[in-house]
Amino acid sequence: MTSNFSQPALQLCYENTNGSCIKTPYSPGPRVILYMVYGFGAVLAVCGNLLVVISVLHFKQLHSPANFLIASLASADFLVGISVMPFSMVRSIESCWYFGDAFCSLHSCCDVAFCYSSVLHLCFISVDRYIAVTDPLVYPTKFTVSVSGICISISWILPLVYSSAVFYTGISAKGIESLVSALNCVGGCQIVINQDFVLISFLLFFIPTLVMIILYSKIFLVAKQQAVKIETSVSGNRGESSSESHKARVAKRERKAAKTLGVTVVAFMVSWLPYTIDALVDAFMGFITPAYVYEICCWGTYYNSAMNPLIYAFFFPWFKKAIKLILSGEILKGHSSTANLFSE
């Protein structure tokens with residue numbers, strides 16, 4: 001690739017600085033394509049998740065414990081898109097870090113915190129959907145706004161504490177000081193943690209994922225049983241009361257929400273599993289993964305932050321209506337917050 005450039009064969013991130021990292025640039029064509037692909041992901045993550053947050057906060061019909069969790073998840077994904085992805089894009093394509101050591105630590109801390117915050121949010125959302133579908137009568141009293149607030153707080157505090165410990169205490173580098181020193185160069189920003197913290201990171205992914213798989217498996221079984229009961233009830237009693245009809249519609253909506261969020265969980269697993277496996281392999285096999293494979297795995301997790309709004313837009317009619325009202329400027333008009341987003 002260096003044959004396409006007039007510079008010396010060996011390029012450095014900082015040509016006139018001792019201890020500079022070696023630069024491995026892409027040729028112009030792939031470079032432009034990568035900037036477009038990564039940039040599109042960042043824009044989608046920022047704009048899409050911002051629309052989710054605005055929708056939930058503005059429209060009163062969406063003010064529910066479950067939707068507050070979704071808005072908080074979107075906030076985490078929004079922060080990934082605006083504070084992590086643009087700088088990671090430059091690092092991935094230029095193979096150099098040009099933003100200083102202090103910001104490297106902050107960027108890495110935000111990267112880990114916001115991404116794992118998304119994981120915990122999805123786990124709590126699965127708990128919410130499980131209660132809503134399996135025990136709908138007591139759901140309003142079990143999963144209240146205060147309970148949702150506690151879940152949101154945990155989803156933010158734990159990842160922030162963990163990532164701060166990793167990047168600001170030095171404890172994660174204990175036992176691998178020689179490796180950290182060998183990889184340290186001017187213009188680099190590489191996350192290197194010891195095996196103990198790699199295992200902790202794996203558990204932060206594995207335990208919530210296992211909880212989600214178990215709960216959504218139960219949700220789909222119960223939802224299938226409920227669908228059969230409702231179909232039998234409706235066919236056997238054409239003259240059902242409006243109250244019973246309303247309950248059936250609400251139950252159907254809850255099941256659809258559970259299925260939609262189930263798709264979100266599947267997308268999350270597809271995005272995160274390669275990176276998690278790669279991190280484990282590297283930690284115990286001596287960083288054998290090629291750089292380009294590692295970058296693909298990393299950007300898989302980043303792109304997960306951009307996928308959720310697309311899933312909502314595809315499956316949630318209320319989100320489509322909210323987007324139309326926001327983009328058309330209708331939300332600036334009086335009483336727009338009381339718009340009916342669930343009308344048939």
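Backbone N, Cα and C atoms are what each Cβ position is placed from, and that goes for glycine too.
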Requested in this report: Please verify against Swiss-Prot: do F99 and S336 share a side of the membrane?
Outcome: no
**Report entry** Whichever of C13, C21, C189, C297 is disulfide-bonded to C104 when Swiss-Prot is consulted
**Finding:** C189
Query raised in the report: According to Swiss-Prot, which residue among C123, C151, C185 is joined to C21 by a disulfide bond?
Result: C185
Query raised in the report: Around C21 (disulfide bond), how many other C-beta atoms are within 10 angstroms of its C-beta?
Result: 20
Query raised in the report: Once the DSSP letters are reduced so that anything not helix or strand counts as coil, what is N18 (N-linked glycosylation site)?
Result: coil
**Report entry** Rounded inter-Cα distance in Å - C189 (disulfide bond), N18 (N-linked glycosylation site)
**Finding:** 17
Query raised in the report: Among the recorded positions listed here (N18, C21, C185), which has the Cα closest to the Cα of C104 (disulfide bond)?
Result: C185
